[in-house]
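Under the heading domain 'TSEN34 N-terminal', TrEMBL lists 4-72. Annotation comment: TrEMBL describes 187-266 as domain 'tRNA intron endonuclease catalytic'. The active site annotation in TrEMBL covers TYR214, HIS222, LYS255.
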Amino acid sequence: MSRIEVSFMHDRGLIFDAEDYLKLRFECRIVGNLIGVPVSHPRNVNQQGMPVALSKWELKLLLDHQIIRLVDQNSALQRAPTDEESCLYASMVERQKEELRLPAIEKRLEAFRKHLPKIIEGKRKKLLKTGMKEEDIHLDADQLVNEERERIMKEKFDEMLQIPLKYPLAIDFSECSLDLHAEETVKYRIFEALWKQGGFITTGDAFGCDFLLYPGDPMYFHASHMVHVLKDGTSQRLDAKYLIRVCRLSVVVNKLCVLAYIDESTNEVQFETIEWEGNASSKGDTF
């Protein structure tokens with residue numbers, strides 16, 4: 001299976017192809033973050049569109065599983081295009097304009113055909129007023145349609161040219177790697193362990209945590225768990241004020257609180273779910 005190309009720009013991975021993003025989302029449960037504006041609603045600040053920015057944890061996971069390749073195209077994109085590239089792009093623009101004109105022409109012709117009987121009757125009456133005899137009047141519907149088509153083809157149409165999101169021409173690139181420092185490596189190991197358990201994962205910045213867990217696609221489900229990554233393991237886990245703070249936060253947003261850390265003795269990822277005592281259930285651990 002060919003790997004998906006992800007552009008590495010400004011220290012983050014960007015996906016410009018919608019099909020690539022949908023494949024990652026539905027087949028690999030990678031959500032990313034839409035940072036653009038939707039083409040259909042460019043002034044709607046409540047909706048986001050392509051491109052998609054992937055977090056470092058998502059990039060690292062996809063690289064380790066050989067699902068994507070991280071490419072650096074910055075040098076090629078910053079240089080001036082060659083004459084051949086300019087001509088090729090100009091021909092693409094003209095082809096797009098023609099593709100926009102044809103539906104508009106057909107729509108005008110459809111309206112013309114709809115009113116064709118009245119048009120023929122109107123032309124017949126005009127010819128009769130000029131003194132032409134009824135038997136000498138021959139109006140062919142197909143001929144009228146062809147004449148209308150030729151007239152419309154000569155008209156100028158208002159054109160809306162869509163700027164391509166993904167660079168439309170083939171350019172040079174170099175593959176690059178992703179290096180994480182120690183703290184980021186801890187978060188990545190926890191992200192990977194969560195991902196292997198199923199479900200969807202997003203960053204939890206908006207909720208004051210490291211990750212949010214969803215039972216299904218975030219488009220259809222609310223997050224069920226908020227995950228806090230403990231950098232110091234045992235010492236931070238036993239901090240009473242910290243535990244009270246994260247527990248109360250989870251109560252406010254109606255989610256379960258999960259503490260994740262690397263066990264120092266086994267070097268394995270560990271998870272602990274805690275609940276505020278007033279919300280504890282028989283299945284959960286109480287604090």
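Glycine too: its Cβ is placed from the backbone N, Cα and C atoms.
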Checklist line | Residue pair LYS255 (active site), HIS222 (active site) - Cα distance, angstrom, rounded | finding: 9
Check: Non-local Cβ contacts of TYR214 (active site) (under 8 Å, 6 or more apart, same chain)?
Finding: GLY199, PHE200, ILE201, THR202, PHE221, HIS222, ALA223, SER224
Item checked: Neighbour-count leader, CB within 10 A, active-site residues: HIS222, LYS255 -> LYS255
Margin query: Is it possible to list how many residues within the domain 'tRNA intron endonuclease catalytic' (187-266) are helical, extended or coil according to DSSP?
Written below: 30 helix, 20 strand, 30 coil
